[in-house]
């Protein structure tokens, strides 16, 4: 019998439903801007938070009592059963996982790899049966003690080697399962203390490692995207993949800016001192927007709270940037969110996703309405219209500082500021959210 | 008569002096690592904070009563007199200024330029007379209302033109005065609201502008460095020159990474979520370390407090990174710091610098002692020693992911973590600070 | 002719209107929980932000060009004309002011007082004519340089005296104008440096001062509430009225907890590390909730941004706490918010308020719907239901530690945690916002 | 054989020693302000961090490999052996513990209690033998899942009962071991979501619980102090014991301000937006300063990093406030600090303490020198000297607002601000640190 007992698959019942176990806004088949909502959002459940997380925090241990907790293959199979039950109840098209979420650590690298392959065979069968797909796979290179000082950026080359082998194994199963992306998040790729750290060496290691990952992707014919996930700190004091701007510089340095895209998370943007929409817009502008980790960070907490989203105005601005950048190609919306450690019941796990999915549906529809209306883009274009003239473009592209200066004096130029109309633009947005 | 009345030039009296108006640690002629301390630190007074700041804050206006406040050339000359009095009292070799600090705004661009040139003639005479030099010049493109929506990144091309003319004028006088660097800080190059902002256009404008600045530097034969100063926000909600990592990406994008270096400030590092030494070490590692703005940011305040430094252990770590990167070439130590608005008296202005200069001297000497001892670099080298072998370098440079993975399985590699010894390294540092 | 030219009074046109200059949600006469919306919200315009603010920030000066800027009584009268034009256009029932917002500083205390009285006579006439009322008056004891080290908590007793006289004058005019509250915000009641501060003396001064204010209130028969406004810092490094919890302790210490209530601001709550609803709920629980300063603080900025609110889910939670505490008595909703310094036009000033008022209307209606539905309170009551038994209350009120411990062992008590259902509660809230 | 193998007891060798395993500044017998340094600092090792912590963080599990890890009484005894070995090597006079640090959880409350008593008998023997004393005991009411929603403030009265029994048991053993204080830290006394929380009920529960603790203290004749430890958040989103100011209000509310004092931690002060010295000075001013948890919080991390202190200027300011408040009575300096999870070796554990102890010694000596010099207190007294006159005191104590106002006008009072001399005071401090 399922852990979720008699919870039936969640159906769309419309905004007036008062059934907790129904979607009020997410109708997979509703067409938004010419595409089914399911195909826009490309929702995914995160295996680690929803199946593997045990309810611990830095001051307390396991609070959940899931029957599949354990360190052997039988537990891993039971977990997979519950996972696909959950995917089915939620009717989401995708899931995501790390190796360590799905298989027990083996006594050797080879055993860990075989465990992973064995459980991925289980996944393959279930995916075949249910139609659920893999949005992305990834390697957990932060939990085991061997990673404590980094994976690719470890002071010890043996750890680098172990990391390389680990990523290869995870890329292999991701490829085999038809995964649409492969993600790298470097929670230990950074430092606890600058004093014992060699930034120059570690950057070179990181660049070489990522180059090998890209090379291997092409070698095996993996067609998905390679995605890096920015986060500024936590667990490390400083992490090298700090934010979108930093990663762009890293990719340029190693000539990888056309090979790698980004998986951007709300909570990580907040920790880096940015809004989510900023990071999305910047990635869009740089051609790096790949996928999103949808969650919410508590604004009063200084760590990564990974809560389910519940603020429609914020989510709408996020999807506005996604749609403006052309929408997802291989990417999607992964709920990198976990129920609070006091939310013990199976119902909590299901309903947290249900609420979040409805929030995403509302956000997407508002974003689409704003984009179809076009009001914001029109205001933006008008603000910069002066730059569209030939003279302005000529100045930008070919005039020198002294040529421009001469013209400023000759024409006694005295430009007057014009209103930025911020509140009017915000009011316009408020109509839609 | 001088504003500073009978305050005599500050002399070095050694650590046991209890004279408030003496250096206890800064002896310009003391030789540290083979160089005079004055030539290491290259100390500069900031004209804006020490002469132009009036004691205002967001909730209150002018508290200071300097006799040189005013908007005409006479006031500007009186201010210059006081400035050089202060430089003389402090016996610092350098100063720094923005155009708006030193001259009244004119009724036209040309008049503003002529005002600037006139006051710079005054400076030239005083510099000749006193030996004081110019560490860097810069343009204030943030205070006047015309800059409210940016300078180079303004939606209005006329403002871009005005900015170009302004920078040209400031570079000209900097060059004429023998300035050793030219600095760009873009307090308005960013946005208040992402909603009315076109990130793509603004980045292109910023890149084109900086390219013109570099081109003009070469045209006039300016031998100093062009420096960008990172700051993540304030006054703008988001500023494009967020931090060292972000600027590196920007420079790479526009092919300017060999033409431009950085002027790094403690307070701005803190606002970006970094330690000062992190930003310095990263810039050093990327070959971008140019100069520093020495100050201190209150750790409990979320804005740029620009206080004089007073924490030796922190300052020592900063200079350690400067020395490790080879020390200053054209750069130096500019006090981008202001007395608190309650510090009304001329004595406060002098003594704030005296205290800060002694802190810098202590920090530099501690940093030099650490570097000469070599203990830290030895520990760091040992930690990464595994990477020095040919096999490790071969793996890094030429092995593919699957080759490494095969080796991991063949050798049943099971690397064990080794202590990072952070507290031992910290204890070692504590011996010196 | 009005500064606002031909902007007609804003009318309610309903949610489908696409007229920028209309209310879509704020209908003053709509009855919500048995009361007109106008009487619930009790909206007020803040004189300082909307009339006196000039567009400056720490890095730039005046950007606005209001015809009433100036330092004489004529300018003050012109400002008053514009103010009441704005109140009329917005159709808000209240306004709020500091002395320094409305009158020029005089050459002596007496002249400043007479200026204030003179302009308040102007106000009285306009209030009579338009029906606009005064939500609260207050004294600006932070902008003038005399207050730089505090008002009541100044090291100089003469400043304390000047502060006492200032508050008396402001209370007198507030009383005369029928003001419904008198507010104290102590932006300089705190310190820049703990090193030169005597916390013990300053606390005693603050307590004595507030006691005198309360005494004077009774003396003149002022029936409104005395309100303190918490803020943790800015302009000072530390401010004594840090947050609700701190002020409660202060009031208890001086026996004033039944005489004084609080004016709570979103932005100040955020700076103190709290959510707005936390501070409101805590004040409600302690019987201290008086009035609110409605605005929004940028979550990525570490200073007080005083933006107009635009996030309905957040505003709804705030009004939920207001309604749960019984709604406003003398208090109301003051927009302690200013247009951004790039929003130069009269239309910006009007529309910023229009958008914010609609956000408040939506928030209030959502809050009322939640309260009328009762779902949240029901869930809350169920969670604590165990405490309603006589045995539980007996334990709470009269059992000793060892009695309880004996029972725990005797009954082999082993309590099991129950789900906190946080996400389910959040989903429930999302239905309404 | 000891876990610490051949590490000999740490001896004082003076500042010139280059022996890592020596004190350079901490000489227990050195007399400072008339008291042995050991008797000033009253140093304590924290059992939880130094013996029980396993090197985990939110993204990774155990990194340490201590031989005493385990869940039975044999492991607890092995841990106690290692603990007293460590105390002996460090030559510190005190230790501190939670119940959960020292004994395995039993199958019932009674069994847990018996386990605790059994291990405390072991402690008693070792204390007798070594002379090590107990600074304080406390109950861990945050790690086990039963506490997930609070202990005293739990929605379930059975948990309250279990908490009462737990504290009684911990107070009993603390009393029996001659502990000098009993500490309460409420990591779960707060909330994750305001939505499912009843602030009013929870405050009443907290007040009743603390009253019972105080009552029980008197009942058993425990002469030590009851201490509350402030922390604003983490693990909870909001914790009721937010900071010193908040706890003062709580104590006043329940009439406990003369019964309870505070245990103040640097890291918790930082998380609450305060400096450590602020919290200490405020507690001193309110008569609440009991004991300190000495550690350091990373200024760039938003969570509780619990690092060993290493910044002498900061530590000196902290001890300055301790000494100014009269020094410790029952309290002391507990290292609530843990080695980083990469610091695997026994040497790391020892040396982290050694370095921190030397930092404390330097801080204490600098603080004592400042206090003996008296310069700071003299400057402070001069700044407030105006308040010492009879007229000033009469105004403060008995004049009414209108009396003062009349005098202001009569005398045409126009007070002028005087310099706060902050930088001069900071320079003075820098001489000592």
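Glycine too: its Cβ is placed from the backbone N, Cα and C atoms.
Mg(2+) 1 binding, as stated in TrEMBL, involves C:229, C:265, C:293; the candidate among C:336, C:345, C:348 given for that site is C:336. Around residue C:293 (Mg(2+) 1 binding site), a 10 Å sphere centred on its CB holds 25 further CB atoms from the protein chains shown. Around residue C:229 (Mg(2+) 1 binding site), the C-beta neighbours below 8 angstroms that are at least 6 residues distant in the chain are C:183, C:184, C:185, C:241, C:262, C:263, C:264, C:265, C:268, C:293. Distance between Cα atoms for residue C:98 (active site) and residue C:306 (Mg(2+) 2 binding site): 17 Å, as a whole number. Neighbour count (other Cβ atoms within 10 Å of the Cβ, all protein chains): 29 for residue C:268 (Mg(2+) 2 binding site). Same-chain residues with CB within 8 A of the center of the C:265, C:268, C:304, C:306 CB atoms, the Mg(2+) 2 site residues themselves not counted, are C:231, C:266, C:267, C:270, C:271, C:293, C:295, C:297, C:305, C:336.
Report note: the Mg(2+) 1 site is defined by C:229, C:265, C:293, C:336, and the residues of the same chain whose CB lies within 8 Å of the CB centroid of those residues, excluding them, are C:185, C:231, C:263, C:264, C:266, C:267, C:268, C:292, C:295, C:334. Looking only at the recorded positions C:101, C:304, C:306, the one with its C-alpha closest to residue C:336 (Mg(2+) 1 binding site) is C:306. For residue C:304 (Mg(2+) 2 binding site), the same-chain residues that are 6 or more apart in sequence and have a Cβ closer than 8 Å to its Cβ are C:231, C:234, C:267, C:268, C:271, C:297. Most Cβ neighbours within 10 Å among the recorded positions C:101, C:306: this distinction goes to C:306. Taking the C-alpha positions, the distance from residue C:101 (active site) to residue C:306 (Mg(2+) 2 binding site) comes to 17 Å. Summarising the environment of residue C:98 (active site), the number of other Cβ atoms within 10 Å of its Cβ, over all protein chains shown, is 21. A helical conformation is recorded for residue C:101 (active site) in the three-state DSSP classification.
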